[in-house]
Amino acid sequence: MRLIPLKTAQQVSKWAAKYIVDRINTFAPTAERPFVLGLPTGGTPLQTYKELIKLYQAEEVSFKYVVTFNMDEYVGLPKEHPESYHSFMYNNFFNHIDIQPQNINILDGNTDDHDEECRRYEEKIKSYGKINLFMGGVGVDGHIAFNEPASSLASRTRIKTLTEDTLIANSRFFDNDVTKVPKYALTIGVATLLDAEEVMLLVTGHNKALALQAGVEGNVNHFWTISALQLHRHAIFVCDEPATQELKVKTVKYFTELEQRAIHSVLD
């Protein structure tokens, strides 16, 4: 496990974007051997997408041979709805880079057969071998994608009922009206995430501090989905200072010293 303790959320976004670009460029993808990137939605990664667009515009990276898989999508929300994750991804990222449309994969929450859609998604991921890097965010209760507390750590892509806490948290995108938030979503499973070669979680803000503490110092258990990343062979938590406030001082000190070079790659 790596923990990258930075000062601000802006530094988190820059570090994450640079890391993604470095991984893509080192991989040197081709049409026959694309780089497979897992992506989230939500407020936390939004600035990272802006940083990635800047790096693309500066010709530091191309997404032509990058294949993407998104984490989740609401059930029953039309793709063209402004709060669908299809709309989010195209408006905030895909429309601004050179990714090929056929390389974009997002779950279809409007299909008549949700189980078949989830099975198809898993098979599509397997057809590429693996996801090379999965970027994600985390909820205040430690959920990743829509793997809410008590989700099976062996779960695969499936339909999930959203918790009341998630409905309330997401209502800010629906005129603060909980009744407008879809009650169900299709989401990758915890095991789907753990299958990725690398997982990078962005954790910012004091409201995420308990989740980060559970992920780094807590025991592995299904009530804190984030804790499953302790089982991953290459998990990276990129966090700002407020998010580290529930960690032990010696934990932060240890990773700060260990990751000096990585930290200064953003600060310099």
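Just so it is clear, glycine is given a Cβ too, placed from its N, Cα and C backbone atoms.
As given in Swiss-Prot:
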ACT_SITE  Asp72  active site, proton acceptor
ACT_SITE  Asp141  active site, for ring-opening step
ACT_SITE  His143  active site, proton acceptor
ACT_SITE  Glu148  active site, for ring-opening step
SITE      Ser151  site 'Part of the allosteric site'
SITE      Arg158  site 'Part of the allosteric site'
SITE      Lys160  site 'Part of the allosteric site'
SITE      Thr161  site 'Part of the allosteric site'
SITE      Tyr254  site 'Part of the allosteric site'
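Long-range Cβ neighbours of Thr161 (site 'Part of the allosteric site') (same chain, at least 6 residues apart, Cβ-Cβ under 8 Å): Lys183, Tyr184. Neighbour density for Asp72 (active site, proton acceptor): within 10 A of its CB lie 22 other CB atoms from the protein chains shown. A C-beta separation below 8 Å, combined with a sequence spacing of at least six in one chain, links His143 (active site, proton acceptor) to Pro149, Ser151, Thr166, Thr225, Ile226. When the alpha carbons of Lys160 (site 'Part of the allosteric site') and Asp141 (active site, for ring-opening step) are compared, the span between them is 16 angstrom. Taking the active-site residues Asp141, Glu148 in turn, the residue surrounded by the fewest other Cβ atoms inside 10 Å of its Cβ turns out to be Asp141.
Each residue contributes its Cα atom, and for Tyr254 (site 'Part of the allosteric site') and Asp141 (active site, for ring-opening step) these two points are 25 Å apart. Within 10 Å of Glu148 (active site, for ring-opening step), as judged by C-alpha distances, the recorded positions found are Asp141; the full candidate list was Asp72, Asp141, Arg158.
Neighbour list (Arg158 (site 'Part of the allosteric site'), Cβ cut-off 8 Å, at least 6 residues apart, same chain): Asp115, Cys118, Leu186, Thr187, Gly189.
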